Amino acid sequence: MSDYKSTLNLPETGFPMRGDLAKREPGMLARWTDDDLYGIIRAAKKGKKTFILHDGPPYANGSIHIGHSVNKILKDIIVKSKGLSGYDSPYVPGWDCHGLPIELKVEQEYGKPGEKFTAAEFRAKCREYAATQVDGQRKDFIRLGVLGDWSHPYLTMDFKTEANIIRALGKIIGNGHLHKGAKPVHWCVDCRSALAEAEVEYYDKTSPSIDVAFQAVDQDALKAKFAVSNVNGPISLVIWTTTPWTLPANRAISIAPDFDYALVQIDGQAVILAKDLVESVMQRIGVTDYTILGTVKGAELELLRFTHPFMGFDVPAILGDHVTLDAGTGAVHTAPGHGPDDYVIGQKYGLETANPVGPDGTYLPGTYPTLDGVNVFKANDIVVALLQEKGALLHVEKMQHSYPCCWRHKTPIIFRATPQWFVSMDQKGLRAQSLKEIKGVQWIPDWGQARIESMVANRPDWCISRQRTWGVPMSLFVHKDTEELHPRTLELMEEVAKRVEVDGIQAWWDLDAKEILGDEADQYVKVPDTLDVWFDSGSTHSSVVDVRPEFAGHAADMYLEGSDQHRGWFMSSLMISTAMKGKAPYRQVLTHGFTVDGQGRKMSKSIGNTVSPQDVMNKLGADILRLWVASTDYTGEMAVSDEILKRAADSYRRIRNTARFLLANLNGFDPAKDMVKPEEMVVLDRWAVGCAKAAQEDILKAYEAYDFHEVVQRLMRFCSVEMGSFYLDIIKDRQYTAKADSVARRSCQTALYHIAEALVRWMAPILSFTADEVWGYLPGEREKYVFTGEWYEGLFGLADSEAMNDAFWDELLKVRGEVNKVIEQARADKKVGGSLEAAVTLYAEPELAAKLTALGDELRFVLLTSGATVADYNDAPADAQQSEVLKGLKVALSKAEGEKCPRCWHYTQDVGKVAEHAEICGRCVSNVAGDGEKRKFA
């Protein structure tokens with residue numbers, strides 16, 4: 001028997017079947033670094049229209065977690081897809097390097113500044129620590145396959161950036177947005193510093209819930225207001241609070257002007273409550289026998305005075321819109337030094353902003369004899385006992401409620417009035433302008449707009465000063481007596497910035513005021529405060545984007561971070577940019593959800609459900625992690641687990657196998673010599689290229705809309721359905737058995753070449769390592785890297801006017817599906833072994849029959865059977881299978897007649913008819929020794 005294997009065009013490629021990504025990717029990274037791939041891309045894209053994705057700086061502390069990976073991979077997908085779309089899209093990664101977490105780490109190792117080290121030495125240690133953290137995180141980010149200017153990232157602790165942060169503050173001051181005030185701010189007693197809103201988290205806390213009676217100073221005036229004379233006992237206005245420790249700072253009681261307030265007689269006294277809350281308060285304080293003596297509007301009680309239960313002074317009733325009927329008594333204890341609403345209304349009524357609490361959270365001397373020096377949270381019980389002793393406590397119980405806590409220490413924080421510097425939201429219209437700017441930004445998902453609008457509309461002034469060691473100095477001089485800013489503040493700040501640009505922030509602390517103030521130095525003091533770390537990152541649109549040469553003066557197109565950044569970086573950047581320039585710093589803002597485990601639970605080391613990106617990369621490879629990120633809808637929570645990553649690996653194998661099939665069948669194909677013109681190609685091959693064209697249109701639209709899970713779904717559909725289960729199956733016969741250089745085979749290879757050229761580019765932004773690997777095996781002259789080019793433009797399709805157009809082949813796909821069902825049943829019934837043992841008769845109604853007949857003898861190749869005939873639908877025998885999909889089709893199957901050709905495996909009746917090749921069929925004889933078969937359709 002002759003060996004005809006050598007006459008077949010069997011697929012062959014060096015592209016491995018197994019990805020072995022964990023082992024192979026590091027070598028690719030080394031090549032990318034050695035070649036300076038990022039630099040090559042920049043050179044290739046020079047002069048193109050720009051797209052700038054400005055990197056929100058992660059904090060330089062600790063190893064990267066799965067959330068970091070999601071963020072950096074999404075950014076990389078966008079930057080690479082923009083490059084392929086014809087943009088110059090430089091990516092400059094950055095790090096946030098100042099602030100409390102780094103101070104705490106350095107304190108743990110070396111002690112607080114001033115203990116073992118000077119403040120200057122402490123700052124140097126902080127700088128060293130931040131630099132080591134940057135290096136560690138950078139290695140992991142690079143390992144993810146993220147391309148960027150890793151050799152020249154921006155660090156908020158770079159001297160030039162520190163100087164530019166000072167300049168940004170100067171611009172804001174010049175535009176009139178800064179003011180100083182003793183104002184209640186979030187204060188962490190462990191940090192001993194003010195906290196930004198973004199540094200506050202909420203946890204459940206148990207607090208005493210108390211109802212307290214403030215006795216009226218002028219009882220008769222109150223009786224007159226309520227038009228009553230017979231009142232048994234004193235009259236009191238009752239407040240409810242869960243922060244008894246703030247009562248020493250009480251300076252008023254707020255009531256609502258339009259609420260009805262009732263005078264209620266209870267045993268031995270009368271109390272004033274919001275009428276709608278009387279019943280619930282009576283239940284709470286355990287009173288069943290009570291009488292409502294009269295009601296008045298809250299406005300009637302304004303400025304009536306009530307005695308503080310233990311502080312020895314009286315306070316007014318004032319009117320406030322912040323009073324609600326949700327809980328309590330309808331009368332709100334008001335301490336302007338301990339709450340933003342209290343402060344605002346206190347300003348309106350000229351109340352004292354009293355703050356009896358020191359930075360360590362203990363009462364200052366002279367507050368009250370039994371409270372001086374006591375921690376405020378320990379003072380709650382003392383205050384409750386005091387109220388009980390004075391007969392002012394109507395009720396006390398423990399209550400669990402959501403309470404603000406420090407993001408770093410996880411401990412409860414307080415509102416505390418301290419002298420601080422603020423960016424005003426309203427004195428120069430910053431709030432109104434910011435709200436206007438928000439409307440001009442594209443928010444992705446679109447609910448982000450309403451979220452940030454609500455935050456901007458309701459946020460207080462931004463406290464930007466901090467009492468810390470490791471941070472950018474505010475660089476201000478204030479008059480010793482008046483505390484007014486120096487009249488030449490902007491000029492002086494620029495002088496400081498120039499010094500910081502050379503020597504870093506230490507230049508400010510080393511600066512002798514005489515050096516720049518001369519004779520005025522003894523009249524002014526240096527402000528010791530540093531800037532809120534959110535000011536550092538929030539000003540990078542100015543300190544980084546505006547000055548980096550690769551951005552060429554262009555503003556950022558996109559900011560992309562987790563959804564917590566609406567109140568964080570998106571907010572601080574918007575505030576600073578609008579205050580400086582009157583406009584938003586971004587054109588688009590994209591947010592992604594948080595990572596959760598496979599059951600939707602928050603990731604937690606204590607639960608043990610965290611997924612380490614380093615482990616995933618070491619086990620499965622970065623491309624699997626990248627594919628998981630891309631295939632997950634980032635607009636909601638992003639679930640990740642070993643099982644979910646395993647599914648991503650399965651999807652990866654499908655894509656890799658498709659790429660390998662294409663490469664293996666392009667063996668021996670030189671596009672410069674072997675390409676077949678579209679008009680000379682087999683129709684099915686043109687259809688396949690058209691499928692790629694349609695897929696590319698969908699994929700590019702999805703990339704443009706940042707719908708990466710749609711990209712992956714469309715890519716998978718193309719690989720699995722249009723290619724895997726149809727086209728690639730059909731062409732194997734022609735590809736393997738036709739003459740090597742025949743039009744029939746070269747047509748097929750031409751289609752595969754076009755498809756591979758497109759596919760490798762679709763993959764590149766997501767499966768960057770695999771795309772680079774595929775690129776190296778593609779035939780033909782090309783640039784060294786897929787990332788320097790653009791989307792493939794060589795695709796074409798069938799015209800709608802052609803008889804065998806896309807609609808024709810769509811119907812053929814359905815016919816093929818119906819035939820497969822019949823074959824599968826026959827195999828199950830042991831009638832045939834494989835599809836080539838079968839011959840089918842398609843009983844079709846005239847319109848479908850005409851289409852099937854048009855393929856002639858090539859119909860069998862489409863159906864993967866050894867025989868295929870078309871007959872009239874009405875002639876179908878009883879055992880023909882009615883199609884459920886195509887009403888005008890019935891399928892009958894029989895065993896194929898003739899012998900099996902050992903070369904093509906088809907059963908035919910002309911096997912052995914040619915003496916010289918007695919074992920093979922006539923078609924194979926033609927392909928081996930003759931002119932080769934001609935294919936027109938399939």
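Residue numbers in this text run from 1 along the chain shown.
Heads up, the Cβ atoms here are built off N, Cα and C, so glycines get one too.
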207-211, 602-606, 897-901 - the one Swiss-Prot records as motif ''KMSKS' region': 602-606
Range among 58-68, 102-112, 520-530 that Swiss-Prot annotates as motif ''HIGH' region': 58-68
Rounded to the nearest Å - Cα separation of Cys904 (Zn(2+) binding site) and Lys605 (ATP binding site): 59
Residue among the recorded positions Lys183, Lys605 whose Cβ has the most other Cβ atoms within 10 Å: Lys183
Between Glu561 (L-isoleucyl-5'-AMP binding site) and Lys183 (N6-acetyllysine): CA-CA distance (Å): 31
Where Lys183 (N6-acetyllysine) sits in the secondary structure, as DSSP reduces it to three classes: strand
Candidate binding-site residues Lys605, Cys901, Cys921, Cys924, pick with smallest Cα gap to Glu561 (L-isoleucyl-5'-AMP binding site): Lys605
Tally of residues which DSSP labels helix, strand or coil - the motif ''HIGH' region' (58-68): 3 helix, 1 strand, 7 coil
Neighbour count (Cβ, 10 Å) for Cys901 (Zn(2+) binding site): 24
Assigned conformation of Cys924 (Zn(2+) binding site) - DSSP reduced to three states: helix
Mean predicted confidence [pLDDT] for the motif ''KMSKS' region' (602-606): 79
Output field, Zn(2+) shell: CB within 8 Å of site CB centroid, site Cys901, Cys904, Cys921, Cys924 dropped: Thr737, Pro902, Arg903, Trp905, His906, Thr908, Val911, Ile920, Gly922, Arg923, Val925
